[in-house]
Amino acid sequence: MLYYVIKRLLGLIPTLFIVSVLVFLFVHMLPGDPARLIAGPEADAQVIELVRQQLGLDQPLYHQFWHYISNAVQGDFGLSMVSRRPVADEIASRFMPTLWLTITSMVWAVIFGMAAGIIAAVWRNRWPDRLSMTIAVSGISFPAFALGMFLIQVFSVELGWLPTVGADSWQHYILPSLTLGAAVAAVMARFTRASFVDVLSEDYMRTARAKGVSETWVVLKHGLRNAMIPVVTMMGLQFGFLLGGSIVVEKVFNWPGLGRLLVDSVEMRDYPVIQAEILLFSLEFILINLVVDVLYAAINPAIRYK
């Protein structure tokens, strides 16, 4: 197992290098001139050229790439073109709000999604199944930005129960986490149901029932563990999606996180911040997939990695 983990970690190096090259080329292909945006609409050509020199944009593209890669290897992603603060500080100040929002969304989505999926599988083709799957399909189909605006209108504007802007208290997390986790809970419910339906028809489940084991114990002990392997895969992918895909939700709720920072950076063509954030998201997905693979062995001891 240790050899497998080390091998996967070493595989990060070429993957992140390829991502770095693609991201660098992508951000420099974006339309618009960062120097013009920073200098302002009233700036003349001389001022814009001076800003370009200060930002290093007057140098050849290969020279900019080498400077970017050599510094990134040392953990230095440069200065933000907009705030002139270190990119690492910009990301660090926004990371925790996004992480806590992701964890909050994932916790309730897993609890309610798995519960709905198990109920739908146990009472298959009956009203609990139909009700759960109808809600799940609705959750998948409803756009996150529309759900967010609907929740703001009802619970903040009309009722005045919950705040909409900021991340200072636990009340601020309720509406964004509901919005962000709705689609994940819906996918979790459908995935859990499909996995449980297959498990419930296995021979060992019928054997447990024949031995007089209660249906609740059969479902929770024998069914849940064996149905968890594909569900854990989906959980890992969804967690990475939440962590890196909260852009729309953060924009709707003006959340001080990485998603909003990325949107603002794209609008201002802040190349260093864009490159660092996409690299961070790529690293998160790779590490989450590694954790999921390791969890396989914990859930099912029959699985071993060589």
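From the backbone N, Cα and C atoms, a Cβ is placed for every residue, glycine too.
Here is what Swiss-Prot says about this protein:
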- 1-8: topological domain 'Cytoplasmic' (TOPO_DOM)
- 9-29: transmembrane segment (TRANSMEM)
- 30-102: topological domain 'Periplasmic' (TOPO_DOM)
- 95-292: domain 'ABC transmembrane type-1' (DOMAIN)
- 103-123: transmembrane segment (TRANSMEM)
- 124-134: topological domain 'Cytoplasmic' (TOPO_DOM)
- 135-155: transmembrane segment (TRANSMEM)
- 156-168: topological domain 'Periplasmic' (TOPO_DOM)
- 169-189: transmembrane segment (TRANSMEM)
- 190-228: topological domain 'Cytoplasmic' (TOPO_DOM)
- 229-249: transmembrane segment (TRANSMEM)
- 250-277: topological domain 'Periplasmic' (TOPO_DOM)
- 278-298: transmembrane segment (TRANSMEM)
- 299-306: topological domain 'Cytoplasmic' (TOPO_DOM)
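Taken as a whole, the topological domain 'Periplasmic' (250-277) shows an average pLDDT of 84 in this prediction. Per DSSP, the topological domain 'Periplasmic' (156-168) is made up of 3 helix, 0 strand, 10 coil. Panel annotation: around the topological domain 'Periplasmic' (250-277), residues 20, 23-24, 27-28, 30, 32-34, 37-38, 68, 72, 77-82, 87-88, 90-91, 94-95, 97-98, 101, 144-145, 148-149, 152, 164-167, 175-176, 179 of the same chain, lying at least six beyond its termini, place a Cβ under 8 Å from a Cβ of the stretch.
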